[in-house]
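*Asks:* Dumping what Swiss-Prot says about this protein:
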ACT_SITE  GLU356  active site, proton donor
ACT_SITE  HIS387  active site
ACT_SITE  LYS515  active site
Amino acid sequence: MLKTINPTQTQAWNALTAHFESAQDMDLKDLFAQDAARFDKFSARFGSDILVDYSKNLINEETLKHLFALAKETELSAAIKAMFSGEAINQTEGRAVLHTALRNRSNQPVLVDGEDVMPAVNAVLEKMKSFTDRVIGGEWKGYTGKAITDIVNIGIGGSDLGPYMVTEALAPYKNHLNLHFVSNVDGTHIVETLKKVDPETTLFLIASKTFTTQETMTNAHTARDWFLATAGDQAHVAKHFAALSTNAPAVSEFGIDTDNMFEFWDWVGGRYSLWSAIGLSIALAVGYDNFIELLEGAHEMDNHFVSTELESNIPVILALIGIWYNNFHGAESEAILPYDQYMHRFAAYFQQGNMESNGKYVDRNGNPVTYQTGPIIWGEPGTNGQHAFYQLIHQGTKLIPCDFIAPAVSHNPAGDHHQKLMSNFFAQTEALAFGKNEETVKAELVKAGKNAEEVAAIAPFKVFEGNRPTNSILVKQITPRTLGNLIAMYEHKIFVQGVIWNIFSFDQWGVELGKQLANQILPELADGSEISSHDSSTNGLINAFKAFKA
């Protein structure tokens, strides 16, 4: 079990509070000027393909000393061991947390309730390999004897965000199959997708552990009805639908052959499920071997996380720096900014990963916390973001720590595109860190021919204060393996922060109330009768909706 230590009651927290009084005046220009080796001291390499530069943060050696002390005092190392050893650290649901077992390429035993889960994990992987080989190779035929050309993954949350993010990030490795993802219960999503595919050559993956998820099953039934409108015979469903689920009776009743049902386990959380059978769409998109490379990459980061001392542990360092901003500097959000168009859903994926994990106000003792927990996560690819929201990051009143991610080698080395992209990547972190003072601004204006009055009028608006913190994560190239490294790195960062904040990171009770109320409201929308059973606002909205529809 995880310890229940209030971080604010630790000696390290008190030391950080005292340290912050002087640290508020830290200036990155001074920190770099005072230490020519700062980059070397505050950067880390992961293997030969990833460099993490955290030198442009508002930290010094004393800051890190206290942060590592906080990690030790909250018994982080014991928590890491507890997770990897299969303890039921998801205590509110009584479950182990073992997405790491899904990518345990060492195949060393991982025990849950005394039973090694690896034989079951490997059996599902073998089943996925056989299935993907048949579909990709054209051996799997539709009801008219044609090979499959399109895959439609129907899921929501972790059953959609992860596979979609990865298949987009690994698009350069894509084979001939066309991938489509449907998640929203808004009928527009499924209807627009079905316009693009042919029932004779489309395979649907229904991703729902329970096979009862409202949004997923609504879309699944619509897809089946659309398919049968052409195929006619219910028996043909088995050739065009597969299930990522554990509910065999419901899968069979839907018309899916349970031989084409791919299982996963209750110790796999939805937002960590891309490593499981939920990743079948990934394997179909890029091939089984590349899917295994993705798992290998994540396993490499798992090994680093488990075996590396805290002071050199990349996910731990990133997590602690995040706590420094969240709990001491008062930062409310973090931006993830990948300078790679293929990674355009990476921030959205970790928006769920972080905010669903650590968006909690009750600690592991069951008491409301008296400190900040999970940050708001957001971001877009560069350079698009530069022309959208970087203005606020540079000159706004909010402190927004940013992670900049970029590959050194592009999959599309067209002309000088990548050099221009990377020049912006390097320039932005430099500009955020060091800014431009008023003296420099005025000198530039004078050089541009402005008179003294014009200089005085415009100069204040062109000043960049700098001192905006960033991490730079430079990757040799985005490959299945390095993408696996990156995803696991962020997963473990989230876990570390949850441990230190004394919250449960692997449940998500906050999604339940809205579902319950929606189920109560749904039958009230069936006719035109006036509703009065809710508060005046909800009643008014429902009745206005009915009036608009009438």
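Each Cβ is built from the backbone N, Cα and C atoms, and glycine gets one as well.
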*Asks:* Return the single residue from the active-site residues list (GLU356, HIS387, LYS515) that has the minimum number of other CB atoms within 10 Å.
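*Replies:* Lowest Cβ count within 10 Å among the active-site residues (GLU356, HIS387, LYS515) is HIS387.
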*Asks:* Quick one: what's DSSP say for LYS515 (active site), helix, strand or coil?
*Replies:* helix
*Asks:* Rounded to a whole number, how many Å is the Cα of LYS515 (active site) away from the Cα of the residue listed as 'active site, proton donor'?
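*Replies:* If we compare the Cα positions of LYS515 (active site) and the residue listed as 'active site, proton donor', the gap is 15 Å.
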*Asks:* Quick one: what's DSSP say for GLU356 (active site, proton donor), helix, strand or coil?
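*Replies:* It is helical.
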*Asks:* Could you say whether, by DSSP, HIS387 (active site) belongs to a helix, a strand or a coil region?
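*Replies:* DSSP call for HIS387 (active site): helix.
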*Asks:* Between the Cα atoms of HIS387 (active site) and GLU356 (active site, proton donor), what distance do you get, rounded to the nearest Å?
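*Replies:* Cα of HIS387 (active site) to Cα of GLU356 (active site, proton donor) measures 29 Å after rounding.
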